[in-house]
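Database features, via TrEMBL:
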type: DOMAIN; residues: 5-319; note: domain 'D-isomer specific 2-hydroxyacid dehydrogenase catalytic'
type: DOMAIN; residues: 108-287; note: domain 'D-isomer specific 2-hydroxyacid dehydrogenase NAD-binding'
type: ACT_SITE; residues: ARG237; note: active site
type: ACT_SITE; residues: GLU266; note: active site
type: ACT_SITE; residues: HIS285; note: active site, proton donor
Amino acid sequence: MKPEVVLYKSLPDDLRARLDAHFTVTAIKGLTPESVEEHADLLARAEGIIGSSCKVDDALLEKMPKLRAASTISVGYDNFDVDAMNQRGIVLMHTPTVLTETVADTMMALVLSSARRVVEVAERVKAGEWQRSIGPDWFGIDVHHKKMGILGMGRIGLALAQRAHHGFGMPILYNARKHHEEAESRFNAQYCDLDTLLQECDFLCISLPLTEQTHHMIGREQLAKMKPGAILINAGRGPVVDEQALIAALKDKTIHAAGLDVFEQEPLPADSELLKLPNVVALPHIGSATHETRYGMARDAVENLIAALAGNVEKNCVNPQVLR
Ligand SMILES: NC(=O)c1ccc[n+]([C@@H]2O[C@H](COP(=O)([O-])OP(=O)(O)OC[C@H]3O[C@@H](n4cnc5c(N)ncnc54)[C@H](O)[C@@H]3O)[C@@H](O)[C@H]2O)c1
Ligand SMILES: O=C(O)[C@H](O)CO
């Protein structure tokens with residue numbers, strides 16, 4: 001008998017076929033309270049789950065007594081209660097690496113579009129406002145050779161540092177839980193404490209995971225330490241930044257602008273103050289959203305689940321210790 005697996009996000013046909021070859025797969029619409037209630041028997045039998053963007057907390061795990069592995073189609077795993085999974089002996093697989101370069105591209109796009117006001121001025125052209133040679137009210141600020149501050153120098157931070165340093169001649173400052181030797185040797189990146197990072201950088205680029213420690217790591221006090229000309233970019237997770245404090249800082253020009261791919265509430269509510277501010281570029285969490293990369297993430301997640309349910313957690317496992 002093949003193990004039962006619950007799929008809670010659609011997959012390309014070939015990847016679904018690969019999953020079907022190994023497991024008895026049932027696709028459901030997300031892990032909402034309604035779908036969990038509707039598919040209670042199925043979830044109670046499931047040995048594996050695969051999908052993304054749904055909360056998997058202790059209460060849900062309680063309903064899945066046979067679960068051995070969860071595979072998320074994402075690198076971030078803040079939707080999962082990892083402690084509860086550890087206690088229950090459930091492995092969590094994720095998709096680092098495959099999306100790193102694409103997310104770094106998105107962050108660079110946010111850096112450029114917020115500094116050069118790309119979205120705002122393009123909208124003005126479409127609105128017919130380009131009537132004569134442009135003046136300073138259309139100007140942006142330079143990116144090249146400005147100081148890039150990276151908060152969270154991991155896989156994505158490193159790929160961003162490469163673009164900024166080699167492509168744009170930017171000196172790199174960073175803060176992370178530990179020194180990143182490769183960033184220091186390849187890009188001459190300078191490690192500094194958070195206060196120094198805030199005070200010195202022209203672009204504060206956040207590529208942090210969401211944890212208890214990073215929740216609201218950037219709030220009113222931290223924003224006040226930034227340069228008035230600085231730009232904040234967040235492609236880590238929305239709640240790393242206190243959004244109300246950010247809105248206030250953007251309104252009163254404590255900082256110059258923001259480029260955001262992630263928000264405290266997603267989708268961003270249509271009445272968010274952020275959408276009324278001209279100095280904000282807001283993207284709908286598209287960090288990894290290219291055809292190639294989203295396919296690669298789904299492929300890796302499928303392979304991760306096949307490996308994990310066969311007892312192989314050498315690669316892409318958040319908590320391999322549960323099987324050791
Ligand atoms: N916007 C998107 O679409 C998108 C796409 C992929 C990843 N992400 C987010 O980016 C995050 C980072 O991805 P990655 O692959 O670079 O992860 P990573 O684990 O390689 O890097 C994370 C970095 O954050 C640092 N860090 C963690 N906690 C910290 C703390 N308390 N203080 C200082 N530094 C801390 C780590 O030291 C590390 O340098 C993911 O967890 C996810 O939340 C977003
Ligand atoms: O963590 C990730 O992989 C991205 O944010 C997509 O969810």
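We number each residue from 1, going along the chain as drawn.
Every residue, even glycine, has its Cβ placed from backbone N, Cα and C.
Within the set of active-site residues (GLU266, HIS285), the lowest number of other Cβ atoms found within 10 Å of a Cβ is recorded at GLU266. With a 10 A radius on its CB, ARG237 (active site) counts 23 other CB atoms from all the protein chains. Per-residue pLDDT, averaged along the domain 'D-isomer specific 2-hydroxyacid dehydrogenase NAD-binding' (108-287), amounts to 98 for this model. In the three-state DSSP assignment, the secondary structure recorded for GLU266 (active site) is coil. Distance from the CA of the residue listed as 'active site, proton donor' to the CA of GLU266 (active site) is 8 Å. A gap of 9 Å separates the Cα atoms of HIS285 (active site, proton donor) and ARG237 (active site).
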